[in-house]
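K.L.:
One structure, pasted below without further comment.
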Amino acid sequence: TFLKEKSRRFRLSTRMLVALVLTLLQVQWGSSQPCSNGFYLDRRSGQCIDIDECRVMRDACRGDMRCVNQNGGYMCIPRETLSRPNSPPYSGLPYPDSAAPFSNPFAPPPAPAQPPNYPTSGRAPSCLLGYTLGEDGQCVDIDECETSNEHSNPQKPVNTLNCISSCITSCFFIWNQLQDIDECRYGYCQQLCANVPGSYSCSCNPGFILNPDSRTCQDIDECDREHPCGHNCFNTYGSFLCSCDPGFELAADGTTCNDLNECGFSEFLCQHSCKNTPGSFYCECPPGYLIYEDNRSCEDINECDTGNNTCTTAQVCFNFQGGYKCLDPIKCEEPYIELGENQCMCSADNPACRDKPFTILYKHMDITAGRSVPADIFQMQATSRYPGAFYIFQIKSGNDGREFYMRQTSNVSATLVLARPIKGPKELVLDLEMVTVNNVINFRGSSIIRLTIFVSEYSY
Ligand SMILES: [Ca+2]
Ligand SMILES: [Ca+2]
Ligand SMILES: [Ca+2]
């Protein structure tokens, strides 16, 4: 009954198919071969019997594909598809989908909607040609290919009873024709899949490489392989990330590290000047200064303390911001005579001293350029007081730029005020005069402070 059923179904199906898609069929109803491809003639019964290609052909399906015998053909189905409950069942699937766009030149005719029904035999009959009685009492196919030498061209399907050598990698027989199976529909590839007639190929997205199994993909460790980053590389799944050492920033290409120009961040980064370097920066100070502990401020070098000056032993070294001055000893010009180290006096007894300041006191000071104004910078005070006397303080000379004025702070004292911003480097000499007026004894006299002011070039 099994053979009759199979044969009957075959004839029925063949008639249907001839009627429907006769032109698509290339069944060789050869005069020399009574049965079509996928069947063999049972000489005893004279009927065409379906060949179980899954048993007959060695490697009928390769890799993870499982062979399923069909009436007149067979299918290669991914094993996991069979076990996946959500996957379309192979048996009920009109496969390939004729409704879907399908450019395959081997476009198959529609497959039967219902899978072939495989009857099972209750008892072991005597086996037909090509079959042998198995241990379970069933007739099992003899694999002639295992023992014969007909395997000379494994890539070319040879449809004979004795040995059908293996199909090319991915195909199945349907209605006696070799048909492509679209592995891509089954998610056979982990990432990218390209179906080709009789085969398929998996590939991977950028950042991945195909595993030796030719279907799964693994991340490429770009850091290890290509060293794509300028500085530091971190591998990620499917890609990688670069980072840069301190002092550098990542360029727009995501890999190159460019030096940060810290000097461009702020003009206050350094007190004097900023020098950019690859990965860092440093502050520079002008001559006469040292860089301070904070690495940004400038500190005057006291050349007089360090001894790094050119002053002679006769000179006095005067330090100021950014430089120093060797002061020659005071020379009192006639009719002045020396009174102490830095003071000259014109004696009241000397007629030549009439109308001249009684004393000239030499003083030195330094101020920084750009000092905020107004600023009290120097104080003078009468050292001797006479009953009935009063004092007038004024700038007698040296104030041509009108940067200074005198502000009297008491009857006997006054302050020199810097009124305008002053530019350096500059050396100013001001004669500050204190006029003593005593109307009681009808006396009017003056003393001078000759103040030398060293103005630095910078505001520090
Ligand atoms: Ca990666
Ligand atoms: Ca830098
Ligand atoms: Ca100095």
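Glycine is treated like the rest: Cβ placed from N, Cα and C.
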K.L.:
Identify the disulfide partner of Cys223 as annotated in TrEMBL; candidates are Cys217, Cys229, Cys233.
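P.N.:
Record-based pairing for Cys223: Cys233.
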K.L.:
If you count Cβ atoms within 10 Å of the Cβ of Cys233 (disulfide bond), leaving out that atom itself, what do you get?
P.N.:
18
K.L.:
So if I exclude everything within five residues of the ends of the domain 'EGF-like' (219-258), which remaining residues of that chain have a CB under 8 angstroms from its CBs? That is, six or more out.
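P.N.:
Contacts with the domain 'EGF-like' (219-258): 205-209, 278-281.
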K.L.:
Take every residue in the domain 'EGF-like' (180-218), average their pLDDT values, and give the whole-number result.
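P.N.:
The predicted confidence over the domain 'EGF-like' (180-218), as a mean pLDDT, is 88.
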K.L.:
Work out the three-state DSSP category of Cys223 (disulfide bond).
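P.N.:
The residue in question, Cys223 (disulfide bond), is helix (DSSP, three-state).
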K.L.:
Hey, which bits of the same chain come close to the domain 'EGF-like' (259-299), Cβ under 8 Å, at least six residues off its ends?
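P.N.:
Sequence-distant neighbours of the domain 'EGF-like' (259-299): 245-249, 321-323, 457-458, 460.
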